[in-house]
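Structure first, then comments.
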Amino acid sequence: MPAPRPRNVRVQLPWESPAPPALPVVDVPAWTERALCAETDPDAFFPEKGESTRAAKRTCFVCEVRTECLEYALAHDERFGVWGGLSERERRKMKRSRLTVSVREAA
């Protein structure tokens with residue numbers, strides 16, 4: 001004798017298609033609407049290894065939301081691309097120096 005099925009369990013019937021997976025909800029910061037990078041080629045901001053970041057950085061340096069963009073990247077640990085005028089390596093260095101300063105201030 002088969003084991004009884006628990007009540008309130010939905011069983012998918014063979015002729016039913018599975019429900020599509022839910023898409024994640026993404027909060028897009030308001031400042032992104034004013035970002036100059038939204039009007040340019042995204043490939044410039046995510047260059048392949050060894051390619052130049054100059055074009056992206058030039059755009060960032062005249063962008064009105066540069067500070068917000070950089071703070072967002074630092075807070076969300078963005079590991080790829082140019083954000084707020086800095087590459088991933090430059091953001092890592094900045095984050096380390098901020099940690100060093102806060103440790104010194106705490107001592």
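Just so it is clear, glycine is given a Cβ too, placed from its N, Cα and C backbone atoms.
Since we're looking at a predicted model, the values are computed, not measured.
Noted in TrEMBL for the protein shown:
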- 36-93: domain '4Fe-4S Wbl-type' (DOMAIN)
- Cys37, Cys60, Cys63, Cys69: [4Fe-4S] cluster binding site (BINDING)
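Confidence in the domain '4Fe-4S Wbl-type' (36-93), given as mean pLDDT, stands at 95. Close to the recorded [4Fe-4S] cluster site, the chain also has Ala35, Leu36, Ala56, Thr59, Val65, Arg66, Val82, Trp83, Gly84, Gly85: residues not among Cys37, Cys60, Cys63, Cys69 whose Cβ is within 8 Å of the site's Cβ mean position. The DSSP secondary structure for Cys63 ([4Fe-4S] cluster binding site) is coil. Within the same chain, residues at least six positions away from Cys60 ([4Fe-4S] cluster binding site) with a Cβ under 8 Å of its Cβ are Leu36, Cys37, Arg66, Cys69, Val82, Gly84, Gly85.
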